[in-house]
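Here is the structure we will look at, set down as structure tokens.
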Amino acid sequence: MIAAYVPLGPEPGGPELPEALRSVYAAPAPLPDPFHSVPSPVILLPVLLPDGDLDWALYEGPSSLQPGARGLLEPIGRRLGVAAVSEASFVVVPALAVDRRGVRMGRGGGSYDRALARVAPTAFTVALLHDGERVDTVPAELHDRRVGATITPTEGLSAPPDWTK
């Protein structure tokens with residue numbers, strides 16, 4: 001299961017990120033097993049709650065999205081609860097910056113820090129960034145949650161060995 005988001009405006013990944021993830025993860029393996037069909041990936045997208053926490057719902061294609069709080073595009077399907085993200089093995093989060101320790105700077109509401117606190121320790125967490133948004137240091141507080149890697153257009157996937165979740 002993948003947990004992701006729909007980027008706003010100039011955020012990395014663009015509004016087509018959920019569909020791109022679905023396409024990539026639904027692609028057949030190079031040597032498909034004729035006895036095993038490749039299921040469509042389950043992609044969870046956030047729904048912003050009034051208290052700033054994130055509920056989750058299934059992404060079922062571009063037509064399953066509607067404008068939500070703060071201009072976010074949110075899925076219209078059944079809400080699965082704030083703990084649904086704990087089932088994801090791959091989690092993609094937004095960030096304004098991430099430092100070399102994996103500390104991310106968000107928009108200040110704590111929504112993704114709360115969500116990341118529920119993610120299994122074995123899940124792969126990644127923040128999408130523009131070039132220049134990987135920095136030496138980001139101010140960190142006790143509630144801040146780290147990511148395991150970043151992706152930028154120039155550096156691609158980067159997960160320095162000194163990063164910890």
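Just so you know, the numbers here start at 1 and follow the chain as drawn.
Cβ atoms are placed via backbone N, Cα and C, with glycine included.
Just so you know, TrEMBL annotations are computer predictions that nobody has curated.
TrEMBL lists Arg104, Met105, Gly106, Arg107, Gly108, Gly109, Gly110, Ser111, Tyr112 with the feature ATP binding site.
Structure coloured by features recorded in TrEMBL.
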{"residue": "Arg104", "record": "ATP binding site", "Cβ contacts under 8 Å, 6 or more apart": "Val93, Ala95, Ala97, Val98, Tyr112, Ala127, Val138, Asp144, Arg145, Arg146, Val147"}
{"residue": "Gly106", "record": "ATP binding site", "Cβ contacts under 8 Å, 6 or more apart": "Val93, Pro94, Ala95, Leu96, Tyr112, Asp113"}
{"residue": "Gly108", "record": "ATP binding site", "Cβ contacts under 8 Å, 6 or more apart": "none"}
{"residue": "Gly110", "record": "ATP binding site", "Cβ contacts under 8 Å, 6 or more apart": "Gly52, His143"}
Env. residues of ATP site, Cβ within 8 Å of mean position of Arg104, Met105, Gly106, Arg107, Gly108, Gly109, Gly110, Ser111, Tyr112 Cβ: Asp113
Number of other Cβ atoms within 10 Å of the Cβ of Tyr112 (ATP binding site) across all protein chains: 24
Per DSSP, three-state class assigned to Tyr112 (ATP binding site): helix
